[in-house]
């Protein structure tokens, strides 16, 4: 660890902390995700999955894993330092075209699903933006590769406000559509700067969803009233937030709409 000069604590979670640091060899700022290792249990399964998934991903809109440092007591994942969380960047750049960021977010999610990865915790706090406007999906601690068939999965994934109704109702066998629901919530929030379903409990969250998105018609009316956006954006949001996951739009279908209306990634 002598290569890195530790700086400020950026965030913390169940297994460890994330620090700002300086790479003394490159002189660049990096982010260090440090995970404490238990003598009896060893490396947490979430860390193993995160490393395995990140190693196979390579995309402009996905955070890259620079290196791993492993000692008896500590596992450190080294990432590029990304300047802003999504909402802070949008707040600082209100005059800029939000659709450019929406496009990048969709491109990142489409790539993940093409690589058989379900993120399972898409939310604004896990989406970062560089100072020159490049969006990066981050924090793959809850992610799963569907190439490894190990259902049932936990339904206690995805932060409450972005959790799909089937997860709220306890589903343990699910696929990419749980990310698509989160994507719809995030796109809405990127445009309005307000969460669509700010529930206080699982029960309250389901009540909010049923009230606002119980049918496509009611949801479309609400979105059209609140958002001054092109029709295709409304269509993407509404179809992402279909209560019936079997009817929910896929990342491939969203990309088709984008390519026709906005341009490819």
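Using N, Cα and C of the backbone, Cβ positions are placed for all residues, glycine too.
For the domain 'Protein kinase' (4-263), the model gives a mean pLDDT of 90. If you look up Swiss-Prot, you'll see 4-263 marked as domain 'Protein kinase'.
The ATP binding site annotation in Swiss-Prot covers 10, 11, 12, 13, 14, 15, 16, 17, 18, 33. In the three-state DSSP scheme, residue 16 (ATP binding site) is classed as strand.
As annotated by Swiss-Prot, active site, proton acceptor applies to 121, with the evidence given as sequence analysis. In three-state terms derived from DSSP, residue 121 (active site, proton acceptor) belongs to neither a helical nor a strand segment and is classed as coil. If you draw a 10 Å sphere around the CB of residue 121 (active site, proton acceptor), it holds 21 other CB atoms from the protein chains shown.
Summary for the binding-site residues 10, 18: the Cβ-based neighbour count within 10 Å is maximal at 18. Secondary structure at residue 10 (ATP binding site), taken from DSSP and collapsed to helix, strand or coil, is strand. Around residue 12 (ATP binding site), taking its Cβ as the centre, 11 other Cβ atoms fall within 10 Å, counting all chains.
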